[in-house]
């Protein structure tokens, strides 16, 4: 049995608002297994939003670990992210987890990987955006264009960019879960 794959998660920051949007499609090989999965959630007593791309069970384990790191480091998103990335990279069992995380609070947007990466995207005209997953490049390109050439708020930028990604990427659908700070 092949692993489930394919998703799109987009984070947009604009004018003090932060939005993470994730599509709902889960595929197994060439079959859509679920259309309404929730790949985005709130953490840190509602002060952090997070989304994942990759194996679902792996992502849930990483969400739990990240929640613990947030508590250990007084809800400092950058510190918790670095500590999780270090543990993820060095722990023999965690190293096998296949997922990417996008985490954000009102001040930071970060991408975490099992390779130990903690990446904060560069700001673009009138905001910032980062995307992961199979539809990530499409959503990111659309979000950057909308940030640069429209006055849409963060939520509308995310919705429109995800709509475009769903039209292009066969592993992405239009059933969105959106969390906003």
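In case you wondered, yes, glycine gets a Cβ from its N, Cα and C as well.
Per Swiss-Prot, the feature active site maps to 7. Look at Swiss-Prot and you will find 166, 169, 172 tagged as Na(+) binding site, backed by sequence analysis.
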Cα separation, residue 7 (active site) to residue 166 (Na(+) binding site) (Å, whole number): 10
Number of Cβ atoms other than its own within 10 Å, given for residue 7 (active site): 30
Check: same-chain CB within 8 A of Na(+) site center, minus 166, 169, 172: 8, 23, 25, 134, 135, 138, 139, 162, 165, 167, 168, 170, 171, 173, 174
Structural state of residue 169 (Na(+) binding site), classified by DSSP into three states: coil
Spatial neighbours, same chain, of residue 169 (Na(+) binding site) - Cβ under 8 Å, 6+ residues apart: 6, 8, 134, 135, 138
Secondary structure of residue 7 (active site) (DSSP, helix/strand/coil): coil
